[in-house]
Every structure is written in C-alpha cells, then in structure tokens.
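In TrEMBL this protein carries:
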- 2-118: domain 'Response regulatory' (DOMAIN)
- 53: 4-aspartylphosphate (MOD_RES)
- 132-197: domain 'HTH luxR-type' (DOMAIN)
C-alpha cells in the first residue's frame with residue numbers, strides 16, 4: 001500500500017513513519033508539511049492512501065481534499081485532526097474523507113485506522129459521528145447532551161442535577177430540541193432519534 005503523509009509537524013511525521021514500520025504492507029512514497037504541494041505529489045506518486053492532517057499551512061485543506069477526491073476517486077484519505085468541532089468534522093466528511101481520526105487516539109488505534117481506510121473501509125468513530133450528527137441537527141453541545149439523556153429516559157430534575165443546571169434551563173433545552181427536530185413530544189422525539197440512528201448506546205437513568 002503506497003502512502004503519502006501530509007502533516008506540518010516533522011516530529012509527528014517521524015513518529016508516524018516509525019509506527020507504519022509495524023505495517024509490512026505499508027510503503028511511504030512521499031511526505032510533506034504543506035497543503036500546496038499535495039496535488040503535485042499525488043499526481044507524481046499515485047498513492048493508494050493519503051494520511052492528511054487538517055491543520056496545515058499552504059491552503060484550505062478541505063478544498064484540497066475535495067479536489068483530490070474529484071481528480072483521483074480511487075485515492076483513500078485518512079484525515080487526522082486535533083479539532084473536535086462538529087461543524088469542522090462534518091466539513092471533512094462532506095469533502096470526501098474516507099476516515100477521520102482524532103489525534104488524541106492511541107498509536108494502536110491509528111495503525112488500525114490506516115489498515116481499515118487503506119484497505120477500502122470507512123472509519124468514522126462514534127465520538128466523531130456524534131459530533132457530526134450534532135452539527136447536522138444544528139444542536140448546541142449542551143442540547144445534544146440533554147437529548148442523549150432524554151432518550152435514555154432521564155427526567156428533567158435528574159438532567160439538571162447531572163449538569164448543574166436549573167430545571168428551568170433544562171426545560172428550555174428540551175423545548176429547543178423538540179423544535180429543532182420538528183417533533184411535538186418525547187415519544188416522537190425518541191422515534192426520530194431511533195430512525196436517525198444517533199446513539200449506539202444510552203446511559204442508565
């Protein structure tokens with residue numbers, strides 16, 4: 001598997017090369033620290049996998065990603081980012097990333113992600129998917145947390161205690177959630193959440 005590494009931190013690139021040394025099928029054909037050189041490198045080396053950091057100088061990485069996927073549809077792209085914004089993660093997914101990996105993850109998880117995405121799979125971890133769903137629904141981070149507990153059957157007083165909020169504030173969050181999801185009551189809300197597949201697991205009430 002031919003790989004290009006694109007990250008502006010040399011020490012991270014060196015560490016990633018050491019990690020990929022544990023992957024017999026992985027072969028690094030090029031590396032770069034700027035987004036502006038990516039198009040030429042991909043054209044020259046024809047990689048099967050691009051490991052791309054979001055925060056790189058030299059241009060909009062999201063636009064570069066979309067361009068590369070359009071011109072090289074066979075190219076697999078694993079995005080690395082330390083950013084946790086739902087809107088940003090959604091932007092990366094919409095731009096064509098085949099996998100998104102938060103840099104807070106372990107080396108073992110990153111190596112597994114490389115193999116999954118490089119092998120043709122798609123990788124959107126649960127913590128990333130929840131943030132993308134939050135951005136899709138236009139919910140605030142707190143509203144998304146409250147939604148999670150409502151679906152688990154938590155009553156407003158318990159939710160208020162969990163987040164150190166007043167019950168009045170939780171009531172307002174509940175009203176906003178119902179309005180944004182276009183439903184009238186909790187029964188309809190839970191049905192919609194189930195249909196959307198938002199949560200794979202729910203906390204005990």
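One is the number of the first residue shown, and numbering goes on along the chain from there.
Cβ coordinates are placed from backbone N, Cα and C, and glycine is handled just like the others.
In the domain 'Response regulatory' (2-118), helix, strand and coil residues by DSSP number 54 helix, 26 strand, 37 coil.
Sorting the domain 'HTH luxR-type' (132-197) by DSSP state (H, G, I as helix; E, B as strand; all else coil) yields 51 helix, 0 strand, 15 coil.
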